[in-house]
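Written out below as structure tokens is the structure these notes cover.
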């Protein structure tokens, strides 16, 4: 999971890019990068760390130019090496930099094609560098000194023909402008908007609408599946459908966990979707246990708060904040490595005994993935004096790996894989476990008149929308990307890139 942003402005965009990445920090805390363009020269700064740590004053002063792109990263493919921080760069044609959110499922085939047919070299294990080289090659074969929007859209069409998976991309073509595009299934989110200044109109492309809001941009719309937007350095905007058979199937887990609640994705309010998740959970509890003895509903900060509030309201039960969060600790789900996650939970949360002592407590979380967080939190609730500890997941059981850019690649690291609800309840130490039903989740997110064909719910139902994911592929990525393998692969690769200081 990553966050991307691109801006075409009328003055230096370094501060705006920095601010946008800070707003998107929840999408990745492993690395950050910004590249800008001024007088056909590129200025890059990227490294491991949070946005505030990667960019010091001296770096910001060097990032000059009215056009630029940025990225925050959590690694799902490749490694956590700073060599794989984005944006990536290739010098031919034109000098192209690229930032990518998602994951390609045919990356091995593409890497082979790039080397044997396109005669290009890829220096890292990142599928983002592969995607960049595919785009660069398809633009190079147009053989134009000055590429037009038609050339750029033709190159994006070829990317769609060759690349399979979920991807949202923003790329900067030196001296020309920025291009954003979305995979033909619209799995990963991307939006664009504009703001009016005294010097003219400025444009932004970003992963989430909240980045536009905070910086004073007006949301124009989401990119459609397979669509591309090209904005020239002069501020001319072009859009084009570049996929042959687009299908609207965005990832439903964005609404469950990944996105900020104040974002609008594909015309859907994330906040409103989470309110409805709480309503659906309450209805299920009232159906299955109309005589429940829940005394208080307590959310696990922060994502579950919206659903928990509506759950309590619909049940007619008190809602209380029972945990104090240390806001200087990152999100545990997107922390590399199980050991880091376990250590982080106790550092991040502390129970308020007053809210637990002698009560039947219903804890609410957005989802249960590995079970690391909820198991420790349930134990904390018991230590704080809870009489009974019940647990509610606003999402259905996560039973299958995600292959489109979320860090759930290994099925055997998912606590619900091949286990019943009762099994999971025992493993996490809950007296009662309630999962959201998948039809209810789909209705909560997509209820009403929306343009979506269907959601990608692969982590819940094992149905992968790209149609190329089989057992052999899942076994291969499990071996390549489980926590044990990641721990062994953190050797630092050489950085072959722009001067980076």
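Each Cβ is built from the backbone N, Cα and C atoms, and glycine gets one as well.
Residue 2 (active site, nucleophile) is surrounded by 25 other CB atoms, counting those within 10 A of its CB over all protein chains shown. Marked as active site, nucleophile by Swiss-Prot on the basis of sequence analysis: 2.
Secondary structure at residue 303 (Mg(2+) binding site), taken from DSSP and collapsed to helix, strand or coil, is coil. Neighbour list (residue 303 (Mg(2+) binding site), Cβ cut-off 8 Å, at least 6 residues apart, same chain): 257, 261, 274, 365, 366. Look at Swiss-Prot and you will find 303, 365, 366 tagged as Mg(2+) binding site.
The feature domain 'Glutamine amidotransferase type-2' is assigned by Swiss-Prot to 2-234.
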Which of these binding-site residues has the least crowded Cβ, counting other Cβ atoms within 10 Å: 365, 366?
365
